[in-house]
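K.L.:
Mind having a look at this structure? Questions to follow.
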Amino acid sequence: CDTFGFPNFMNTLEESTSSPNQRMTRYQILTLTSIASVNFSSMICYSILGPFFPKEAVQKGASQTVIGLIFGCYALCNLMGSLVLGKYIVQIGAKFMLISGLFVSSVCTILFGLLDKVPDGATFIILCFIIRSVDAVGFSAAMTSSFAVSTKVFPNSIATVLGSLEIFTGLGLILGPPIGGWLYQSFGYEVPFMALGCFLFLMVPFNMYILPSFDADPSKDSFFRLFTRLKIVLICFAIFTLSSGLGFLDAALSIYAIDTFNLSPGYVGLLLLGLSLPYCLASPLLGIVSDRFPSTRPWFMVLGGLFTATGFWFLGPVPILQIKSQLWLVVFMLGIIGFSLSMTAIPTFPEILDCAYENGFEEGLSTLGLVSGLFGAVWSFGMFCGPTLGGFITQQLSFEWAASVQGGLAFLAVCIIIINVFYIVLFITTRISDTLKKTDKADIWFWQFLDHGLPQLQMNR
């Protein structure tokens, strides 16, 4: 019987990815280890900028809007890289794509640490854009490949595995800000990037050794065909609202916390733990529930969106509420946003993949690459819009109003998903009622509906 509490990580994966009498194969363990190392190392390097880079960039002559664009250009290049690399993952090779992405990202992280040596103003800003853009392409290669490989090796428990791997993503996001802030305070601007860039570089030979190779045939499916499905479009909008909010926090939260609460960069890094820690703890548990009870996924997205909206509205808080901003309230709302992020994000990937398979996409690495690329592209588009729009609103109005807009986007996604769910329920109920009136095999039809869903019934009729 199941026990209450936090399950052992490896035992949980074995129970979820295999039959009761089987354990994970060596092939699966090596893949899981490799992807976990990629998630951790990539995210720790990505997240070190938050506590100190915006302040450093201001001193170098960048405005709040330009800082938002620097964060946003990373996401925009990530978007383009995800689409191209997701489409051609079979031709390039999943293993080569992942390893080369790690190498490019590590080199760019080290180069970013040298930017304090360049002249202030336009030179600094241009080099920031160039290095971040190239870094984004490397990051998109590693992440697109890791998502595709994970789902290929664990096809029957996608949410469980992705949720469990988000432990390492969360650890990277948790450790990056405080480590980056502490290294910056203790040793200056260069050391955080040099240290973590070298750490990321060490992951290149490590993954070359342990990651298996993957062979597959290319397919003729495309991103355009994925976007013809309304369900996928709605899920993508929900993903966009999440990443937009996170991108906004990356670019604007540290300056707001320093100006409002007089915090040091080190304490800002600790402040961001309130966002990352709940996400890290909740993701594996929500992944298990999502796999065992797939019907809960839409409601996870709805509840997660509501919590996200609430978190952003009270993060400032919304000026019309006339509530004074307090540090404990900011920490608490960041925790709400972190938890709601996992609740909304974990079910989205398997839902998109299920929808693709239901609509005739081939089961294989090529389709997994398309779905991974789509997920990464939509996520990156939100990470571009969040800092860019949020930085502009913060500069023109205030952080409080910018956070309120992010909450409004999350609430809009919830409303759209609820309308779609009720429309589907109404449609299915109407079809069942009409069909039962026309057939004298109502009991057989009903059980076929429970087993196969509406498309199979239409074929059988």
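For all residues, glycine too, the Cβ spot is worked out from N, Cα and C.
Heads up, here are the entries from TrEMBL:
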- 29-49: transmembrane segment (TRANSMEM)
- 31-431: domain 'Major facilitator superfamily (MFS) profile' (DOMAIN)
- 61-84: transmembrane segment (TRANSMEM)
- 96-115: transmembrane segment (TRANSMEM)
- 121-141: transmembrane segment (TRANSMEM)
- 153-179: transmembrane segment (TRANSMEM)
- 191-211: transmembrane segment (TRANSMEM)
- 232-258: transmembrane segment (TRANSMEM)
- 264-286: transmembrane segment (TRANSMEM)
- 298-315: transmembrane segment (TRANSMEM)
- 327-346: transmembrane segment (TRANSMEM)
- 367-389: transmembrane segment (TRANSMEM)
- 409-428: transmembrane segment (TRANSMEM)
K.L.:
Looking at the stretches 121-141, 264-286, 298-315, 327-346, which one shares the most CB pairs under 8 Å with the transmembrane segment (367-389)?
P.N.:
121-141
K.L.:
With a Cβ cut-off under 8 Å, give me the same-chain residues at least six positions beyond the ends of the transmembrane segment (61-84) that come close to it.
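P.N.:
49, 54, 120-121, 124-125, 128-129, 132-137, 139-141, 143-144, 223, 243, 247, 250-252, 255, 372-392, 394-395.
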K.L.:
Using a Cβ-Cβ cut-off of under 8 Å, list the residues of the same chain that are 6+ residues beyond the ends of the transmembrane segment (121-141) and lie near it.
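P.N.:
Same-chain contacts beyond the flanks: 42, 46, 57, 60-62, 66, 69-70, 73-82, 85, 97-98, 100-105, 108-109, 111-112, 115, 376, 380.
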K.L.:
Counting only CB pairs under 8 A, let me know which of 29-49, 153-179, 232-258, 298-315 has the most with the transmembrane segment (96-115).
P.N.:
29-49
K.L.:
Same-chain Cβ contacts of the transmembrane segment (298-315) under 8 Å, 6 or more residues past its ends?
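P.N.:
For the transmembrane segment (298-315), the far contacts come to 235, 238, 241-242, 245, 286, 290, 321, 323, 329-330, 333-334, 336-337, 339-348, 351, 403-404, 406-408, 410-411, 413-414, 417-418, 421.
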K.L.:
Are there residues at least six beyond either end of the transmembrane segment (327-346) with Cβ under 8 Å to its Cβ atoms? List them, or say none.
P.N.:
159, 162-163, 166, 238-239, 242, 245-246, 249, 257, 261, 271-272, 274-279, 282-283, 286-287, 290, 300-301, 303-308, 310-312, 314-315, 317
K.L.:
What average pLDDT does the predicted model assign to the domain 'Major facilitator superfamily (MFS) profile' (31-431)?
P.N.:
79
